[in-house]
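Here is what TrEMBL says about this protein:
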REGION    92-168  region 'Disordered'
COMPBIAS  94-103  compositional bias 'Acidic residues'
COMPBIAS  107-118  compositional bias 'Pro residues'
COMPBIAS  119-130  compositional bias 'Low complexity'
COMPBIAS  143-155  compositional bias 'Low complexity'
DOMAIN    175-261  domain 'TonB C-terminal'
């Protein structure tokens, strides 16, 4: 081995020994504790940290504190005990003597008054009914004999006239109205689509009844809300005619009801 290699090895050993010595010295020397930084600018305050050592407090001589003197309190004079109220017994008062009743005044004696003569008016005798003598003949009655019968027939002047008979059309409607309605309701053929869709309603229809019982001018005055039911009501009235013949043309308004069930 040459001297160069020996010198290199020795140099490495020496440097390694120095490094080990420095490491040992670092471990043996005490390390100073890290200082804790507390920032008071943080709003929520610092977290838990070790408190620094308190500074030395200089001793200050404190003068002895004298206890405060309590002010003398004057005791109020004891109130005298309330004495029980004296009970006064009622003293019986002497009853007053009854006053003597006054004597009634003597009534004056009635004075006799002579009766006054009463004059009664003389009443005339009531006149009795004149005897009725029946006429002996028609000649005695005279031409004015027929006046009472005419007055009775004419009635009192200005009095109410005898009730007149209602118009024939009103009589016809009163008698046949329900019959016509039943005929129309009986002739209804419920549309299949309306039955399937569950449509119900009431159609108000007006029409003219002719003298022969036929109908014309059929109009829907109030719809049921479904045009299918309205058209069916018009067709039903046409099929139900003719109706009983009226004395004159009349306008009739009937409701046609569509109800399932």
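Glycine is no exception: its Cβ is also placed from the backbone N, Cα and C atoms.
Using DSSP to sort the residues of the domain 'TonB C-terminal' (175-261) gives these counts of helix, strand and coil: 32 helix, 26 strand, 29 coil. Confidence across the domain 'TonB C-terminal' (175-261), taken as the mean pLDDT and rounded to a whole number, stands at 93.
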